[in-house]
Structure formats: structure tokens, C-alpha cells
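Engineer: According to TrEMBL, the record shows the following:
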- A:3-89: domain 'MrpA C-terminal/MbhE' (DOMAIN)
- A:101-218: domain 'Na+/H+ antiporter MnhB subunit-related protein' (DOMAIN)
- A:68-88: transmembrane segment (TRANSMEM)
- A:100-121: transmembrane segment (TRANSMEM)
- A:127-146: transmembrane segment (TRANSMEM)
- A:167-185: transmembrane segment (TRANSMEM)
- A:197-216: transmembrane segment (TRANSMEM)
Amino acid sequence: MIRRALVLVLLAVLGALFAALWLGFTPAEELGLTGRYYAEHTAPDLGAANLVTAIIVTYRGLDTLGEVTVLFLSAAIVGLVLAGGRPAARRKPPVPAGELLATGSRLLVPLILLLGAYVIVNGHLTPGGGFQGGAILASGTLLLLLAEPLKRFSHGLITRIESLSGATFVALGLLGLVFAGGFLDNRLLPVGTLGELFSAGLMPVISVLIGLKVGAEFSSMLASLSETEDS
Amino acid sequence: MPEVAHIALATGFALVLIGFYGALTQRNLLRIIVAFTLATTGVNVVIVAIGHMSGRTAPILDAAVPAAEAVSRVIDPLPQALVLTAIVIGVGITALMLAYAYRLFETRGTLDIARLTELKW
């Protein structure tokens, strides 16, 4: 009882703090210094139409490299934590997925993968990019696992896709250090015309690599979680 | 007439409060994980709401938003890039929490934090 009262007091204090912040908030009228720089320089310098992708892939590309590394680490730890003590034989077969889910997944999975590829490849033009597309690809994996819980994905293949795209990502970044303006500079390839698919230099290539890496990492997490189910 | 940013900001704060309430009062680890996810979502909504400016459009250049007018036509792209990162890392954190909860259940046979007292003092 006292515990719950303490929690409510704490939340009330926090709520009062939030209310003060909310009352004092006026939306900005002008872009901040950094935002203004990105809005002014993205199109002429990098040739990308989507400012958010330009920030993630090129301006803050090093941070994105760190982020996919964090994601890789968490996928690896999930695999490690769940790997120990896995029973050799299942006690009972899982409930069958049902006609709707089984047939629906056969229809939907190719479409989901296509949408994921579309979102990844057009990341520098429209809303999207490597992370979003990678998550869509992994949702295809999730649907496959739901429809067929005993399905096993090749961890070797996932690892190979993941490490190959990661290594290419770093190698392209290093090439930028030598042949262009700096680490992960997208002007390694010609910038092209704004708004075309083959524009923005290296940006679509790096989006594809990020998408593959993120998709593989999420898929590996899902596969690890699914393989330990009802053990 | 409240602005969109104010509504979104209030929603984000409410989600954070709901998430904290759940994390502090629930006993079941799975419920606590869901509560944490709610709070994370709330923080993301708050960050995106702060970047919103009324009368402007998404930070994507096309025929409607020529590159020359971008500074006066688009909203701040920075919060969106930050939140994109935060969402992806959030998925990783959630997967980690679920994996630990699973192992804990396997070794101890319970998800009730009141019965997991080793780290209590």
C-alpha cells in the first residue's frame, strides 16, 4: 500500500514537471543552426532529397556504424543467452498455424520482401532507408516463423550476410577517406541529379548495406527467440 | 486552438507516465518490459513533437519543396534522425530484455520480481 502511494507521489511530481514543460513549450518558428545547415547543404553538396537519410547515412555515418554495431552486439547476446540449455527434443509438437496464416504467408512474404527492398533502395528520395527497410525485411521473417514455427533459418547464411555487409560498409567508409572528403563521404560516386534513383553518390549503396545488416540482425534475434520456444 | 505539436507532446508525456507507472507497480517481468517499451515510445513521440513546426512539411525535397526554399519550408530533420536511431536501438534493448526474462524463467521457474530477491538490500 505504502509502495503504491510512493509510486503515485513520484509520478505526480514527474507529471507536474512535464506539465510545466508542456505549458512553457512554444514550437520553433525557424530551423536551428544545425537543421538550417542540413537543409541548405544537403541537396547541393550530397544530392539527396531526403534530409533524414542524408543525416543518418552521410553526415552522421560514423554514428550509424556504431549503431549497427550495437544492434549486432545485442543480436549476438540474445543468441548467446538463449543458446545454453536448449533441449534436444521438443516435448510436444506446436499447434499448427492454420490454413489462413499458412496460405496468407505464402502470398504476403514475397510482397513484404519486395516492399522492404523498395523502401531501402529509395531511401535517399522518399521516406525510408536502410533501417526502415531492414525492419520490413525482418517482419517477413517473423511471418514465416509464425506460419511455420518449426522452420529453421540457416544461422550461417544470416551471419554471412550480416558480416559481409558490415565489412563492406567499413571498407566503403575507408575508401571515402582516401578518394573523397572523409570517412563515409558519399561523393565517392558521382552525385548525379537530385531526385533520380541513381543519385546521391554512395548513399543508396550504403542504405542497401545497412538494410541487409539490420534485416539480418533482426532475423537472427527472431530466429533465436523462436528456436527456444516452449522448450 | 491547440497546435499539433502540443497534442503530440501531451501524448508523449502521458505515455511516459503510463510506462513508468506500469514498470513501478507490476510484478510480472513481461509486463514490466511492455511498460518500458511504452515509456520509450513516449520519449520518442516527445522528441519528434519538439521538432515539429506549424505550416511546414516533411524534410524531403521534391517538386513541391525545391532545394532553394528548403530552409523556410521543411521542419527540423534532426529530431527525426535521432528518433530513427532510438527506435532501432529500442528494438535491440527489448529483444535483450525478453531473452534475459526467458532465461530467468527457465532457471527459476518464475517471472514474479517479488520472488527474485538476490539483488535486494
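Cβ coordinates are placed from backbone N, Cα and C, and glycine is handled just like the others.
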Engineer: Over the span of the domain 'Na+/H+ antiporter MnhB subunit-related protein' (A:101-218), count residues by DSSP class, listing helix, strand and coil in order.
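Structural biologist: Helix, strand and coil residues of the domain 'Na+/H+ antiporter MnhB subunit-related protein' (A:101-218) number 83 helix, 0 strand, 35 coil.
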Engineer: Residues of the same chain, at least six outside the transmembrane segment (A:167-185), with any C-beta under 8 angstroms of its C-beta?
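Structural biologist: Same-chain residues near the transmembrane segment (A:167-185) but 6 or more away: 57-58, 61-62, 65, 68, 202, 205-206, 209-210, 213.
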Engineer: State the residues, same chain only, that lie 6 or more residues beyond the ends of the transmembrane segment (A:197-216) and have a CB under 8 A from a CB inside it; answer 'none' if no residue qualifies.
Structural biologist: 46-49, 53-54, 57-58, 61, 64, 68, 71-72, 116-117, 120-125, 129-131, 133-135, 137-138, 141, 158-159, 161-162, 165-166, 168-169, 172, 176, 184-191
Engineer: Could you give the number of helix, strand and coil residues in the domain 'MrpA C-terminal/MbhE' (A:3-89) as assigned by DSSP?
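Structural biologist: The breakdown for the domain 'MrpA C-terminal/MbhE' (A:3-89) reads 67 helix, 1 strand, 19 coil.
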